[in-house]
């Protein structure tokens with residue numbers, strides 16, 4: 001995978017070097033800070049588009065909160081009264097240990113964190129969103145420690161997973177009527193309309209609609225890379241061993257096995273990386289103001305977190321081959337405004353589809369990465385508002401909630417990890433030849 005990406009003047013090798021040596025180590029550190037590791041999410045929202053009949057029953061997907069009595073200190077959102085003191089016995093302990101295995105979302109938090117969340121809420125002020133946001137006041141919304149719930153292969157597949165991706169591609173990507181072949185890469189192929197020839201239809205779309213498809217394809221590729229890189233290789237004596245699965249990677253991305261589509265998907269991952277990188281460089285003035293504080297209640301840690309974030313912003317600005325979003329929505333004002341709104345509504349719809357994902361762990365990371373990309377788009381379309389921010393007072397024109405900030409950083413962290421994992425797979429593939 002080499003050369004210049006379509007629709008931007010940037011080559012893959014430059015992104016690899018920039019990510020490996022500058023961005024990846026720092027974004028990893030930032031994601032470990034308290035402000036960025038806790039994400040509030042409602043995993044119980046019903047699917048708004050079809051009956052939710054495909055809920056994953058695999059233990060890797062399943063989320064079973066531990067009994068409150070077994071959590072030394074912490075909080076538990078959702079079914080807090082499910083376990084009474086009378087039910088506190090060894091059976092509960094076994095259930096708790098089982099639930100904490102491979103895929104259970106671990107929602108235990110310290111009391112200090114719980115108190116900090118109340119203070120963090122004062123920074124949150126919703127507005128022009130590209131995503132359907134969870135109602136954080138809902139009793140079903142819970143804080144999740146992302147470090148305790150890494151994104152990895154859960155075994156979630158089949159009709160339910162297919163339906164989610166099919167709805168995203170077929171109902172929300174902009175597709176010319178002349179294209180009969182499904183955009184969904186999981187769909188069965190139809191004769192000669194495969195591989196490289198399939199992508200000729202993209203050339204007939206305007207830049208904005210091409211970009212939309214590439215963002216979704218890039219997100220799909222990134223998620224697939226995470227699953228290949230963090231795969232359940234074996235489970236002996238109840239001890240799972242996770243690691244890269246070269247065979248799975250080849251099945252999803254090899255040029256021959258995917259009839260030329262695999263490298264395209266990976267190029268779309270790089271394109272998505274550039275879009276989110278651009279958003280980070282554009283939003284820097286918002287965070288550079290003294291009035292913006294990554295508030296957790298620990299002054300020393302907050303200052304360190306902000307310093308690290310600003311350091312990453314300096315790196316993003318030093319990259320010389322950014323995607324130029326000014327070329328988007330640049331036609332006549334009325335048409336451009338209409339297209340932008342259509343773009344926003346399509347993306348918002350995709351964020352709602354994430355509530356149809358049957359695996360809780362997949363849903364958690366799907367919602368977070370979709371919200372992160374939605375936040376990046378919101379930033380790119382708010383440049384004037386960001387440039388006119390007051391230095392010493394909160395802004396009414398442009399505001400990011402804590403949830404959006406956490407999603408933005410972690411979503412970009414996932415893309416950075418994907419590109420790093422891709423380098424690892426290149427080495428592994430060379431070793432197997």
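Placed from the backbone N, Cα and C atoms, the Cβ positions cover glycine too.
What TrEMBL lists as active site, nucleophile is 359.
Taken from TrEMBL, the feature active site covers 362.
Sequence-distant contacts of residue 217 (FAD binding site), defined as residues of its own chain at least six apart whose C-beta falls under 8 angstroms from its C-beta, comprise 185, 264, 265, 268. Taken from TrEMBL, the feature FAD binding site covers 152, 154, 165, 217, 220, 252.
TrEMBL lists 56-61 (among others) with the feature disulfide bond.
Feature annotation from TrEMBL assigns disulfide bond to 359-362 (among others). Taking the Cβ of residue 362 (active site) as centre and 10 Å as the limit, one finds 25 other Cβ atoms among all the protein chains shown.
Separating the Cα atoms of residue 359 (active site, nucleophile) and residue 220 (FAD binding site) is a whole-number distance of 16 Å.
A simple way to gauge crowding: the CB of residue 154 (FAD binding site) has 20 other CB atoms within 10 angstroms, across all the protein chains here. Around residue 165 (FAD binding site), a 10 Å sphere centred on its CB holds 19 further CB atoms from the protein chains shown. On a Cα basis, residue 220 (FAD binding site) lies 12 Å away from residue 362 (active site).
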